[in-house]
Amino acid sequence: MSALPAWLRVEARSYSEMAKVRSVLSRLGVYTVCEGARCPNVFRCWGEGTATFMILGEVCTRACRFCSVRTGNPRGYVDLDEPRRVAEAVRRLGLRYVVVTSVDRDDLPDGGAFQYASAIREIRRLAPGALVEVLTPDFRGSREAVETVAEAGPDVFAHNVETVRRLTPLVRDRRASYETSLRVLKTAKEVGCRLTKSGIMLGLGESFDEVVEVLDDLRKAEVDIVTIGQYVRPTKSARHLPVARWVPLEEFQKLGEVALSMGFKAVASAPLVRSSYRAEDLYEMALGLRPRAVLV
């Protein structure tokens, strides 16, 4: 596949807000997926005083073929002070909207659900004005784990299907499944989460109709918010799948419009869109606080 199209190139910038965020995170020993997963929007988000925190360590028990996070066995270790430090970072940075995500932790009986709940509660305690979105793993489909997170009261519960049904065995770790992801999202609604959210990457070999099928499945699971972005290979390692194609801007726009017509409350669809892209704007749109439109 050829080099990145012009619309996927992001100018590297460094300014005072970036330095402030890095300094706070370093002193508190907390991590962000913004840098760990090489997100192209890190400059925009940090520049706006927004960050996506990664809890439960930096080692994932799964090896999805789109992700740059390190794979290994954390052997059950959990830093119980981590939720407090994340909340303290939120307080010091004065964040309005916080996304909390994590690696997969198949080595833990609850998949890390308790740590998510603790992080939500600590943020509520130390930064009561902040809105909290969680982007969770699939917890191996455990209803109890989803309930644990939901009971802590996140403003948005997110879990990504990542790709179309046909490509799931190729793209995601063998322990993940398309059906399990849909079940997690449906369960989140059933146990009281007001807003649910999911995301999909394009450029892995899917067809337009397959993406529409995913959108239909997500609506059947009562998902409110959807993000659609371009897959970019994180490294040239054999582990990471090559890009099958660079999806044109027009196709993103068309899929976004299809999603809105299906009844999603908020949609972001563009090459640079990632799970947490303009998360606060999507939240406000889902609540009817801003006009419904495809965010790009």
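Glycine is treated like the rest: Cβ placed from N, Cα and C.
Owing to the predicted nature of the structure, the values given are computational and were not obtained by experimental measurement.
Positions annotated as [4Fe-4S] cluster 1 binding site by Swiss-Prot, on the basis of sequence analysis: CYS34, CYS39, CYS45, SER276. Under DSSP, SER276 ([4Fe-4S] cluster 1 binding site) is assigned to coil, being neither helix nor strand in the three-state scheme.
The annotation [4Fe-4S] cluster 2 binding site is assigned in Swiss-Prot to CYS60, CYS64, CYS67. In the shown protein chains, 23 other C-beta atoms lie within 10 A of the C-beta of CYS67 ([4Fe-4S] cluster 2 binding site).
The domain 'Radical SAM core' annotation in Swiss-Prot covers 46-265 and rests on sequence analysis.
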**Study point:** Nearest-integer angstrom distance between the alpha carbons (Cα) of CYS64 ([4Fe-4S] cluster 2 binding site) and SER276 ([4Fe-4S] cluster 1 binding site)
**Key:** 19
**Study point:** DSSP three-state assignment for CYS60 ([4Fe-4S] cluster 2 binding site)
**Key:** strand
Exercise for review: Could you name the residues, excluding CYS60, CYS64, CYS67, of the same chain that surround the [4Fe-4S] cluster 2 site, i.e. Cβ within 8 Å of the Cβ centre of those residues, in sequence order?
Suggested key: ARG62, ALA63, PHE66, SER68, VAL69, THR71, VAL103, ASP104, ASP173
